[in-house]
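Participant: Please read through the structure below; I'll follow up with questions.
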Amino acid sequence: MLRILLINDTPRKVGRLKSALTEAGFEVIDESGLIIDLPARVETVRPDVILIDTESPGRDVMEQVVLVSRDQPRPIVMFTDEHDPGVMRQAIKSGVSAYIVEGIQAQRLQPILDVAMARFESDQALRAQLIARDQQLAERKRIELAKGLLMKMKDCNEEQAYTLMRRQAMSRQQKLIQVAEQIIAMSELLG
Amino acid sequence: MSDQVGNSQATNPLAWVNGSDAPEKSSLDLGFMALSDCASLVVAATQGFAQPYGLTLNLKRQSSWAGLRDKLVSGELDAAHSLYGLIYAVHLGIGGVAPTDMAVLMGLNQNGQGINLSQGLQQQGVTSPEALERKVHQSRTKLTFAQTFPTGTHAMWLYYWLASQGIHPLRDVESVVVPPPQMVAHLQAGRIDGLCVGEPWCASAVQQNQGFTLATSQAIWPDHPEKVLGCTQAFVEQYPNTARVLVMAVLEASRFIDDSIENRRSTAQLLSAGDYLDAPLDCIEPRLLGLYNDGLGNHWQDAHALRFHAGGEVNLPYLSDGMWFMTQFRRWGLLREDPDYLAVARQVQQLDIYRQAATAVGVAAWGEEMRSSQLIDGKVWDGSDPAAYARSFRLHALADDVVRHALR
């Protein structure tokens with residue numbers, strides 16, 4: 001069963017989304033108005049998906065979406081009356097997985113949620129690959145730097161420097177990057 | 001590597017448009033089991049061998065071969081340290097899983113497994129193959145031997161060795177599956193009388209006075225194929241550049257380990273860490289350096305100890321190596337009919353990717369497709385007539401309904 005967190009950013013007391021969800025057989029585990037710290041709420045409630053019902057997403061809503069995407073990434077579906085393509089683009093950029101304008105029909109909810117979840121998963125995978133790529137590059141630069149320092153200190157060639165670093169790392173059950181950082185730190189100390 | 005372009009075009013049009021042979025996927029999850037022969041993957045992942053190719057390798061230790069297989073097939077693992085026979089069993093659909101097209105990217109090691117007997121048998125004077133054969137044929141209760149996976153290399157070494165001593169592995173003894181790191185505990189508890197497993201677990205049993213090593217796997221077949229870097233065919237098709245640079249990184253790590261005795265020592269130290277083998281250094285290091293102590297007072301430097309590279313001879317995925325496991329599946333009734341041995345091996349063994357990778361990192365051995373070996377029973381295997389070879393053994397289960405028994 002999908003755990004749904006519903007944010008009702010409309011003046012209505014009971015949102016139109018709640019009744020559509022209930023009619024479609026979904027269970028809403030938590031419903032609230034727009035709150036100041038949405039990531040904290042997400043951490044406590046641990047929903048599978050966040051639905052935001054808003055007449056027109058303002059700056060406050062977008063800000064909360066950005067924060068959730070950064071700290072507690074979840075699929076976010078936004079239901080709104082706002083037609084403006086600029087606002088829609090802004091919402092997608094903030095981290096909304098699906099942006100649905102008008103017309104909440106119970107029978108359409110399941111496919112909408114399915115698409116949002118799939119989209120979210122592929123975005124997350126892409127993000128992880130990008131982070132890995134950045135980290136690789138950064139580590140590679142640090143290792144190169146340490147190798148250069150060691151070549152100077154030991155008056156040895158590139159391959160010998162790598163072998164020395166690797167042996168040191170392996171016999172201390174460390175990764176190469178850890179030994180590289182130690183060499184850089186030591187060289188700064190003696191600098 | 002301009003010859004890559006044609007390959008990539010078929011599977012990844014974007015790579016061709018961009019003229020790129022960079023990996024399509026930059027972060028890979030690699031499965032491994034806590035065994036000394038996973039060394040090249042651990043060294044490649046932790047010692048900066050993959051970074052220059054734009055690849056991050058995340059090591060994922062598995063607790064059983066069956067679990068590793070399931071995650072490999074489901075795609076949760078991109079590639080894994082695998083038993084030769086595990087890859088072929090999945091490919092052929094033996095053993096309770098739907099057949100999935102599999103791939104052997106390269107060999108990871110040769111040699112370095114062993115057959116141990118329990119302390120109980122040792123105390124009864126069962127310390128030679130002949131004594132074991134007498135014991136098996138004279139006692140009423142069957143001895144129980146553990147291996148690590150029904151179609152795995154250890155099952156095949158155990159069966160081959162027992163049969164070479166006149167013991168039928170499926171009729172004369174019981175066999176059970178135990179994950180490698182739990183072998184010693186099972187010996188200690190008296191649940192098994194013997195076992196076939198990779199190091200350091202044979203050495204560990206000897207060290208803890210839980211019996212002795214009766215035979216090494218290299219005594220069955222000097223420089224035999226053992227673990228491979230395995231993945232699904234789908235992975236190779238979807239990420240051809242990734243597969244190639246993965247092989248390049250692991251080849252370089254393998255070469256580094258075999259390069260000097262100091263590098264091997266450091267490898268032993270790294271492996272003993274909690275994240276990898278989680279075993280004492282003095283169980284891992286001696287046999288990784290080829291120093292054997294069988295627990296009966298015999299010490300020797302083994303001429304065919306665990307090795308990872310040997311100029312690429314270890315890593316080349318020979319068609320004859322792949323076919324051999326199919327001949328043994330046939331011999332023991334795991335396959336009820338002869339497969340098209342050569343065609344299946346050609347499909348599974350990724351010779352093209354291996355050749356590209358080996359050439360790129362300057363590894364010499366990549367040209368051969370078959371090799372010839374003489375095994376413990378005097379038979380020669382060169383890949384030339386697999387169906388006849390499978391039928392040539394005195395002890396076998398070709399026509400028996402033993403499949404269920406052997407797969408238990």
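Positions of Cβ are set from backbone N, Cα and C atoms, glycine also.
According to TrEMBL, the domain 'Response regulatory' annotation covers A:3-117. Under the heading domain 'ANTAR', TrEMBL lists A:123-184. According to TrEMBL, the feature 4-aspartylphosphate maps to A:D53.
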Participant: Calculate the per-residue pLDDT averaged over the domain 'ANTAR' (A:123-184) and state the result as an integer.
Facilitator: 94
Participant: Which residues does A:D53 (4-aspartylphosphate) neighbour through Cβ under 8 Å, counting only same-chain ones at least six apart?
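Facilitator: Correct list: A:L6, A:I7, A:N8, A:D9, A:T10, A:G15, A:R16, A:L17, A:F79, A:T80.
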Participant: Kindly assign A:D53 (4-aspartylphosphate) to one of the three DSSP-derived states: helix, strand or coil.
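Facilitator: SS state of A:D53 (4-aspartylphosphate) = strand.
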